[in-house]
Amino acid sequence: MAIKEETEESCGSRAVVASITKESPRQHRMKLEVYGEVLQRIQESNYEEANFPGFDDLLWLHFNRLPARYALDVNVERAEDVLTHQRLLKLAEDPATRPVFEVRCVQVSPTLNGNSGDVDPSDPAVNEDAQSSYNSRSLAPPTFGSSPNFEALTQAYKDHAQDDDSAVNAQLPNSRPMHEITFSTIDRPKLLSQLTSMLGELGLNIQEAHAFSTADGFSLDVFVVDGWSQEETEGLKDALKKEIRKFKDQPCSKQKSITFFEHDKSTNELLPACVEIPTDGTDEWEIDMKQLKIEKKVACGSYGELFRGTYCSQEVAIKILKPERVNAEMLREFSQEVYIMRKVRHKNVVQFIGACTRSPNLCIVTEFMTRGSIYDFLHKHKGVFKIQSLLKVALDVSKGMNYLHQNNIIHRDLKTANLLMDEHEVVKVADFGVARVQTESGVMTAETGTYRWMAPEVIEHKPYDHRADVFSYAIVLWELLTGELPYSYLTPLQAAVGVVQKGLRPKIPKETHPKLTELLEKCWQQDPALRPNFAEIIEMLNQLIREVGDDERHKDKHGGYFSGLKKGHR
């Protein structure tokens, strides 16, 4: 059973997108330096707030409640924006007014690291465009400047377009007015998905995004968008207000997407003593807690902890939900995970043992996977796959996913962190907290998962089906091939923007086997209808394994397929 750690990035949980982790001494020093410079600029500019008693302490409190990344990214030349963030976070404390937001027009430059790239300043069209942008008034840059991430996204698309003639012909960001929208509200699960969905409803394209969570449970989300035809902001503000009111006026049964508007402190009081799991009367999953022995903590996340232990003398993994963090949404996912896993029986899917559905001891028990996750093997232990072992892992995953799809189960969060290895070097699919049984119509609309691995149709909140898992599988294959984190130079939201609007994909190494390159490109097609299903993927992998040759199928005599992982545990 996999569990999300604090450092993972997911749109399903705010805490993992911008988690407040312990700062290093270097980060703390840099935060202090930025704080000092912002304070000095505010005082020198004679802002009214600078005269408030204890303002310097309040400003430091503002920086200290936000992660170090906020201080490192903020444009110190725009000290007034820090005051805006302070004000919004204060207003967000009132349930009657949140979510609160601010809108302003900004100018985004296309220059990359001080170079104009392909932009020719002598081009009359460029000059005309620049004149039309600047004539009326001088616009300020975004709060976080023309950030390295935004520049990286632009450059990455250029590189991608040069390497791939079939790249999506999307327009690169140019020097034109855009709008910066800053939201603040109570911190809630899936908040980022809800905000991006609302912006999408207004026809706005997110070009840059910065998401922060405060240590005391609030959010600060800054989006740079285009798609609004006018530079003025009042019309956009009115449109945002109407969109918020529209969501608030929806019947309770349709308010799954607007939990960020209110924070119900009484939620825990309404939670049932026992979680109801749908049943057909053919099986039992409730475990005998007296037979469950918890031994060693393996991982800890925002909403649960993973332990190693035994159940009836069998070695097991035990995922325990933290009672103080349990809410109605978590109970739905817990119920769904038990409902799906109790029916799953396949050698490439982690085996479900049972669950305790009685509060406060909510837990799920599965077989223990001794070798941990593929994510840890690649990124923590710096393991490397040879081509034959890579294909073996890819085949294991595709078999597990094919079984799930044959049983109308869409995983929705396929990534290396959810792929586990047992003592026999068999890789299995795990973590069904956000998986769903496909509807009779064959399409689904609820968004979830992890942005770096997520299919474009899911990011855009469009109807989707099992082929969304195929896209995620392609990103997993690329990760196995390179050992790198997908789009590591971008934040998760910026990666999502690139995938949807720029046709961005990870760069395939030139030395990759041509058939593997072909498989990757088929699986991450923008159009889901062009992607193969897992039965077809299995056939392609078997053919590729035969082509690679029998001599590479055997394990390394010293370490097996996962020798890098074994070394990491010495």
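Here the Cβ of each residue, glycine as well, is placed from N, Cα and C on the backbone.
Looking at Thr7, Thr143, Thr445, Swiss-Prot tags one of them with phosphothreonine, and that residue is Thr445. Per-residue pLDDT, averaged over the domain 'Protein kinase' (292-545), rounds to 86. Look at Leu306 (ATP binding site): DSSP puts it in a strand. The distance from the Cα of Gly304 (ATP binding site) to the Cα of Asp413 (active site, proton acceptor) comes to 17 Å.
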